[in-house]
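Beneath this line is the structure, given in structure tokens, with notes to follow.
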Amino acid sequence: MSSRGGKKKSTKTSRSAKAGVIFPVGRMLRYIKKGHPKYRIGVGAPVYMAAVLEYLTAEILELAGNAARDNKKGRVTPRHILLAVANDEELNQLLKGVTIASGGVLPNIHPELLAKKRGSKGKLEAIITPPPAKKAKSPSQKKPVSKKAGGKKGARKSKKKQGEVSKAASADSTTEGTPADGFTVLSTKSLFLGQKLQVVQADIASIDSDAVVHPTNTDFYIGGEVGNTLEKKGGKEFVEAVLELRKKNGPLEVAGAAVSAGHGLPAKFVIHCNSPVWGADKCEELLEKTVKNCLALADDKKLKSIAFPSIGSGRNGFPKQTAAQLILKAISSYFVSTMSSSIKTVYFVLFDSESIGIYVQEMAKLDAN
């Protein structure tokens with residue numbers, strides 16, 4: 001009761017407040033009824049619609065904020081919203097036909113156009129190291145007749161090997177140069193922002209890139225396959241640099257990355273990363289985070305090239321196919337969200353034929369996506 005005996009006015013609670021959402025439920029109901037006058041609309045339909053729209057908006061804003069942060073901007077713009085949608089697979093499928101005003105476009109450069117610009121026809125030519133020049137033999141120096149059959153056999157083997165390399169490489173790729181003399185680039189893919197991914201058959205300790213990635217554990221263990229190779233090439237100086245980094249950095253957390261100088265190696269830096277173990281909680285998400293942290297460190301150093309082994313598929317137990325898919329997804333996602341990366345070339349340094357086949361196959365799918 002009021003002071004004069006009248007009834008106290010009751011504040012009207014909106015449908016949105018009753019449902020616990022911010023978006024206007026009443027307006028949603030009007031929109032639904034406007035388009036479907038013949039049908040009965042349930043009470044929960046506009047509430048559910050408002051809740052879904054509210055969730056999608058919050059998700060897009062969070063991803064757009066991350067894109068703005070990566071670009072070192074203090075304000076979210078339509079461009080960042082476009083990048084947020086493009087960076088998320090589900091949102092990209094949902095909003096595929098939606099145009100975001102003032103958002104710009106994501107360039108989609110076909111490999112054929114890039115190939116024409118370079119003066120080639122867009123076909124892959126696997127680079128095979130030419131054999132050393134043979135010395136001219138005098139007429140008196142002739143091989144015995146009995147050894148001719150062996151020579152033919154060797155020629156057949158070399159031809160067969162070259163054919164296998166050509167088949168392994170994807171047909172719509174182009175190759176330009178190698179990370180080091182004497183190594184074979186089996187396949188190359190160009191991302192839409194110009195970065196190149198190359199599958200290389202070589203020894204990672206001999207790769208001439210700005211940085212090589214060393215999968216390790218919490219204590220910077222260098223006894224793994226890649227660590228042993230780097231230790232043999234880098235020697236005592238490399239080991240001392242790793243020990244100094246361990247003292248300075250402390251334990252390396254899962255998905256973390258730290259950088260040391262590449263003493264005794266063709267690479268300027270070595271990026272040590274602690275990849276997750278297959279079967280652990282959120283192991284797939286953590287492997288993607290590991291790759292992105294390695295790329296972020298390379299960007300901090302303004303490096304132009306980085307060489308990855310097959311992270312996670314060794315002692316950590318990831319299936320090779322799964323590891324390749326996650327690594328390629330993380331790299332593609334990183335370049336989409338960063339936009340201003342100094343990295344121009346990413347090498348996948350592999351040795352066994354199974355890993356090579358998997359990476360060539362998965363890289364070929366990037367164009368389709």
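Cβ from N, Cα, C; glycine included.
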Which of the listed residues, Lys34, Lys123, Lys304, has Swiss-Prot annotated as SUMO2 cross-link?
-> Lys123
Which single residue out of Val185, Val226, Val336 does Swiss-Prot record at the glycoprotein site shared with Asp203, Ile204, Ser275, Gly312, Ser313, Gly314, Asn316?
-> Val226
Look through Ser166, Ser173, Ser310, Ser341 and state which residue has the annotation phosphoserine in Swiss-Prot.
-> Ser173
Among Ser170, Ser337, Ser342, find the residue to which Swiss-Prot assigns the annotation phosphoserine.
-> Ser170
Ubiquitin cross-link per Swiss-Prot (candidates: Lys38, Lys72, Lys117, Lys248) = Lys117
Which residue, chosen from Lys33, Lys289, Lys320, is annotated SUMO2 cross-link in Swiss-Prot?
-> Lys320
Where Lys18 (N6-methyllysine) and Lys320 (SUMO2 cross-link) are concerned, what is their Cα separation in Å, rounded?
-> 51
Averaging the pLDDT values of the domain 'Histone H2A' (2-117) gives 81
For the recorded positions Lys18, Lys189, Lys320, which one has its C-beta crowded by the most other C-beta atoms within 10 angstroms?
-> Lys189
With DSSP as the yardstick, break the domain 'Histone H2A' (2-117) down into helix, strand and coil residue counts.
-> 66 helix, 0 strand, 50 coil
In angstrom units, rounded to an integer, how far apart are the Cα atoms of Lys189 (SUMO2 cross-link) and Lys320 (SUMO2 cross-link)?
-> 20
